[in-house]
Amino acid sequence: MRQLDSTSTRVPTNTAPSRGTEPVSGYAIGDLVRLTCESPAHGGAFVARSEKGVVFVRHALTGETVQARITDIGPKNRYYFADAVAIDTPSPARREHPWVQGNSLLTDEERAAATGVKELLGGMEYGHIDPATQRAYKTDTLRTQLIRLGGISPDSPLITSLTVEPMPTKDLTEGDLSWRSRVRYTVVKTPSGWRIGMYPHQSSRAVPVIDFPLAARELRQLNLHELDLHGIRQVDAALSSRGRILIQLTVDPRFTASEVSQPIYRQAEKLWGDLAKRKISLFFTPENRSNAKPEYGVRPSLRSPYRRVRQGDVLLGGGLKSVTEDVTFGARRFSYQVSAGGFWQVHRCAPSALVGTMLTMLRPAEGECTLDLYAGAGLFTAALADAVGERGTVVSVEGSPVTHRDARANFAPDGAARSESAKDTRIEVIHGDVARTLLDLKTALELDELPHIDAVVLDPSREGAGKKTLERLNKLSPGRILYVACDPAALGRDTAILRELGWDLVQVRGYDMYPNTHHVEAAALFYRAPARIKPRRIR
Ligand SMILES: C[S@@+](CC[C@H](N)C(=O)[O-])C[C@H]1O[C@@H](n2cnc3c(N)ncnc32)[C@H](O)[C@@H]1O
């Protein structure tokens, strides 16, 4: 552990500036300062006030006095960013960080001795906090964004009864770790070859990563850091609910997939044995497909059964370029095709938890017309179709071409994601931008090509849906909206817009879907004002 001698190091304290004194000059990057941390800020740092301005301290806890190294400076020296490197008064909620590369209390030398890499990595910025306290911070963040940005009263039962709920850990091997069924690494050049890498916080220079405890055990056991990934730009590894592993390797545009795939395949065989037997597929695909050189008929290995691949792609090992994901909710089971590089929820328990939440909050009923906006491969589409049945309708809208292709396959007449009761349900799978598609849906409503819309699921990416999309959605006069949010600030902003448009927030739930990071998921139900149901919390 880092030993700091505060008498020999410049360590200002965060006492308030006395009136009439000269303005103090700012901190410099690398300065070591002693600070007392207050509440968590959106983004994972903790607010500390000093005579030189506000400092956002990462790797700290509320109430702790820490010694922190300044890592970045905001405009006009108005605020600073710092990493806690030693703790003077540890919080009882502090625990040892489970990841050497993410532990800010180790010195560069200690991290380098353990892993060969000295830099501190992001991606697990709440790893030093016990899980209950992490959830308390996330509850606070969610409430704050709904109050400050969404305009909800702090006294509203929506706020006072809101708590971020834990995700089930039954499928996890190590409690609140190993929840990621998907991991993405960049590739970095090192003296020993090209290795998987991650970015330190606020850095554009990636460094090698040796292990990542949030990844599923099956993915960690691959020891991907041992592969020399010459010619690869990015690695996306996925573990399916059926235990298959699909690794997409995005090929640097200076190479072709056939050039780089064989050396990597040979290393993979040495590391993992027979890939087909171990159900591991390697899928090499050009970074920018439009620039990819056509490679007619290139099949570097015939050990795996022949599968159709696009020109320029190479598929080895288990021979899969998509996996099947099974999601169960109660007695129901939905199956989905998800391609390499296509969107799927990263927490292994998230798909079933989110489907359950959607069904209990939105309550789609037989015969209803529903929209699934930002639908991905159709996680909610399948459950909506099952609920509305053969007399009902689901319109599923997704913008990414790869993920849209998955949705099309999933909801084809014989698609795997259609349950028995959804065999004849009208499911429109649309590829397009949500805002743009809402204009087409308005026309379809006017032409009676679509029945009145009863219920909407809205699950946008981190930036939220935004004003244009919500205004257009409002013009369709749907009955109720379930907003699934992965960013509390975006949910706060969009809540304010919906309220201005005449919608009431009637129920909200939060989930700790990204343990050991500061991220949090929420589901918020809106009814057209005046609310048709009383705010309450459904368990
Ligand atoms: C948070 S994901 C949710 C996907 C899905 N609901 C699920 O849970 O699996 C958001 C999805 O919206 C898509 N997306 C983002 N912006 C979009 C836009 N403007 N129009 C259409 N789709 C968009 C992304 O490709 C991504 O698949």
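Glycine is treated like the rest: Cβ placed from N, Cα and C.
From a predicted model like this one, the values you see are computed outputs, not experimental measurements.
According to TrEMBL, the compositional bias 'Polar residues' annotation covers 1-18. Look at TrEMBL and you will find 1-23 tagged as region 'Disordered'. According to TrEMBL, the feature domain 'TRAM' maps to 26-86. Residues annotated as S-adenosyl-L-methionine binding site in TrEMBL: Gln345, Tyr374, Glu398, Asp459. The annotation active site, nucleophile is assigned in TrEMBL to Cys486.
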Task: Nearest of the binding-site residues (Gln345, Tyr374, Glu398, Asp459) to Cys486 (active site, nucleophile), judged by Cα-Cα distance - done: Asp459
Open item on the list: Give me the sequence-ordered set of same-chain residues, not including Gln345, Tyr374, Glu398, Asp459, with a C-beta within 8 angstroms of the centroid of the S-adenosyl-L-methionine site's C-beta atoms.
Closed with: Phe343, Asp372, Ala375, Gly376, Leu379, Phe380, Pro460, Ser461, Val484
TODO: Report the same-chain neighbours of Gln345 (S-adenosyl-L-methionine binding site): residues 6+ apart in sequence with Cβ closer than 8 Å to its Cβ, ordered by sequence.
DONE: Pro351, Leu354, Leu379, Met513
- [ ] Mind telling me which of the binding-site residues Glu398, Asp459 has the densest Cβ neighbourhood, counting other Cβ atoms within 10 Å?
- [x] Glu398
TODO: Please state how far apart, in Å and to a whole number, the two most distant Cα atoms are among Gln345, Tyr374, Glu398, Asp459, the recorded S-adenosyl-L-methionine-binding residues.
DONE: 15
TODO: Only counting partners 6 or more residues apart, tell me which same-chain residues put their Cβ under 8 Å from the Cβ of Tyr374 (S-adenosyl-L-methionine binding site).
DONE: Val397, Glu398, Gly399, Val434, Leu458, Asp459, Pro460, Ser461, Ala465
TODO: Could you tell me how many residues in the domain 'TRAM' (26-86) are helical, how many are strand and how many are coil under DSSP?
DONE: 3 helix, 37 strand, 21 coil
Open item on the list: So if I draw a 10 Å sphere around the Cβ of the residue listed as 'active site, nucleophile', how many other Cβ atoms end up inside it?
Closed with: 18
